[in-house]
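Colleague: For reference, TrEMBL lists these features for the protein:
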type	residues	note
BINDING	ASN21, GLU396	Mg(2+) binding site
BINDING	LYS28, HIS220, LEU221, GLY222, ASN223, GLY224, ASP294, MET295, ARG296, GLY342, VAL343, GLY344, GLU345, ASN346	ATP binding site
BINDING	ARG103	substrate binding site
ACT_SITE	ASP160	active site, proton donor/acceptor
SITE	HIS192	site 'Transition state stabilizer'
SITE	ARG253	site 'Transition state stabilizer'
Amino acid sequence: MTDSPTSLGSPDSPTRVLVLNSGSSSLKYQLLDMADASRLAVGLVERIGEADPRLVHTPRSGGKRERTGGFADHAAALAAVSEELAADGLGLDSPALAAFGHRVVHGGSRFGEPVVVDDGVEAEIERLVPLAPLHNPANLTGIRTARELRPDLPQVAVFDTAFHRTMPEYAARYAIDVATADEHLIRRYGFHGTSHAYVSRKCAALLGKDPADVNVIVLHLGNGASASAVAGGRCVDTSMGMTPLEGLVMGTRSGDIDPAVPLHLQRAAGMSVDETDELLNKRSGLTGLCGDNDMREILRRSDAGDQRARLAFDVYIHRLKKYIGAYAAVLGRVDAVAFTAGVGENAAAVREAAVAGLEPLGLSVDPERNTVRSDEPRIISQDGARVVVAVVPTDEELEIAQQTFALVGTENVRKNEIRTPLS
Ligand code: AMP
């Protein structure tokens, strides 16, 4: 995969991709033109099926527009999106549209690459619902809605788990009874894969190297957070597991925890399975530790002397450091550490604290470079440092569009090759 526009072989070939991220009551979208990787429009429909749904649409030309009401389901929401795009001359019936690219959270062990959705792929995504009960059904709704609207166009599923499929078996296995694990599809899948793929590749480009020649630790620190160890462009370990709950301390998720804790809560505190789930996913992490999940607020409180906020920050940083050290050991040689997502891109204090004391591993940040604000990928370690520390803004929608377009382009070329001898 490259960041340069891919040619479909003809100047009239369609080059637009509509990226859809369908949630249970929301639909996020971006229309990209892959001729120059530009964004033609972005938007969001929220509270679909609820009392006060809302669509916010922003075309490239600017001028944010809002609509309320009338979105009883995802089909109505997508129809409204289509109308908004048509008003900008970007209708979904346009021959310029090459494909839809759908974010799908769980691809299980089956999907290591993006795929064009057919009935079999839909059924497989459905089969994986027990692994992602909130996300996969919502993603499927988006796919089905788009297939109904444009049955003639390729609908490409891009999986959050796919980039991590290259993890060796010993990194993907939990040390539990193998037969039980296999029967219930229990293994480490990892998430945020499109971000880890994009950032590790961009980081190699920042170093002026081929991804195949670079070992990177990617730290995706947003409201959800995950780390990955990427060796020569391939993921060899990642911190999220069967679900996005494992690993780093997150906004509201605990990350790593003794597996006996939920058992204890159920036995000794009488908590139900759902209550335990809710505690670990929604009332833990930074929120659980100090009542706030926003790193800006935690830094502000901590600077003002608030001890709970300070402890939350320290727990967060301690876990992060442990993963950096672990992945340095997994990789053997580390060329770069890349910070990304809301916290990673914006919180200089987190970056500074995460590498403080790791000088023996070759890691440090230059205080001045670290505090420069920019939307561009940038190096924040000193020149000549053994390990480059970088900030690399992520772009999951662009990655989904690129993967979609590359697949559709390949399919088109293949079809042309088959057609040529017959025509
Ligand atoms: P994301 O999930 O990638 O959108 O990241 C969202 C999180 O990024 C928020 O919950 C904040 O904690 C964090 N964030 C955004 N901007 C800043 C900032 N300027 N400083 C610190 N944290 C930030």
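We number each residue from 1, going along the chain as drawn.
Yeah, the Cβs are placed from backbone N, Cα and C, and that goes for glycine too.
Any TrEMBL annotation is an automated prediction that lacks curation.
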Colleague: What's the CA to CA span in angstrom from GLU345 (ATP binding site) over to ARG253 (site 'Transition state stabilizer')?
Modeller: 20
Colleague: Identify which of the following recorded positions, namely HIS192, ASN223, ASP294, ARG296, VAL343, GLU396, place a Cβ less than 6 Å away from any atom of ligand 1, and list them by sequence position.
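Modeller: The ones that qualify, in sequence order, are ASN223, ASP294, ARG296, VAL343.
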Colleague: How far is it from GLU396 (Mg(2+) binding site) to LYS28 (ATP binding site), counting Cα to Cα, in Å?
Modeller: 12
Colleague: Which one is it: of the binding-site residues ASN21, LYS28, ARG103, LEU221, VAL343, whose Cα lies the shortest distance from the Cα of ARG253 (site 'Transition state stabilizer')?
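Modeller: With Cα distances computed to ARG253 (site 'Transition state stabilizer'), the winner among ASN21, LYS28, ARG103, LEU221, VAL343 is LEU221.
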Colleague: Taking only C-alpha atoms and a 10 A limit, tell me which of ASN21, ASP160, HIS192 are near LYS28 (ATP binding site). These are the recorded positions.
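Modeller: Among ASN21, ASP160, HIS192, the ones whose Cα sits within 10 Å of that of LYS28 (ATP binding site) are ASN21.
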Colleague: Which value in Å gives the longest Cα to Cα span across the ATP site residues LYS28, HIS220, LEU221, GLY222, ASN223, GLY224, ASP294, MET295, ARG296, GLY342, VAL343, GLY344, GLU345, ASN346 as recorded?
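Modeller: Per the listed residues, the maximum Cα distance equals 25 Å.
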Colleague: What is the interatomic distance between the Cα atoms of the residue listed as 'substrate binding site' and LEU221 (ATP binding site), given in whole Å?
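Modeller: So the alpha carbons of the residue listed as 'substrate binding site' and LEU221 (ATP binding site) sit roughly 19 Å from each other.
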Colleague: Nearest to ASN21 (Mg(2+) binding site) by Cα distance: which of the recorded positions HIS192, LEU221, ARG296, VAL343 is it?
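Modeller: Closest recorded candidate to ASN21 (Mg(2+) binding site) by Cα: HIS192.
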Colleague: Out of ASP160, GLU345, GLU396, which of the recorded positions has the smallest number of neighbouring Cβ atoms within 10 Å?
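Modeller: Per-residue Cβ counts within 10 Å for the recorded positions ASP160, GLU345, GLU396 bottom out at GLU345.
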Colleague: Please work out which residue of ARG103, ARG296 has the most C-beta neighbours within 10 angstroms of its C-beta, and give that one of the binding-site residues.
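Modeller: In terms of Cβ crowding, the pick is ARG103.
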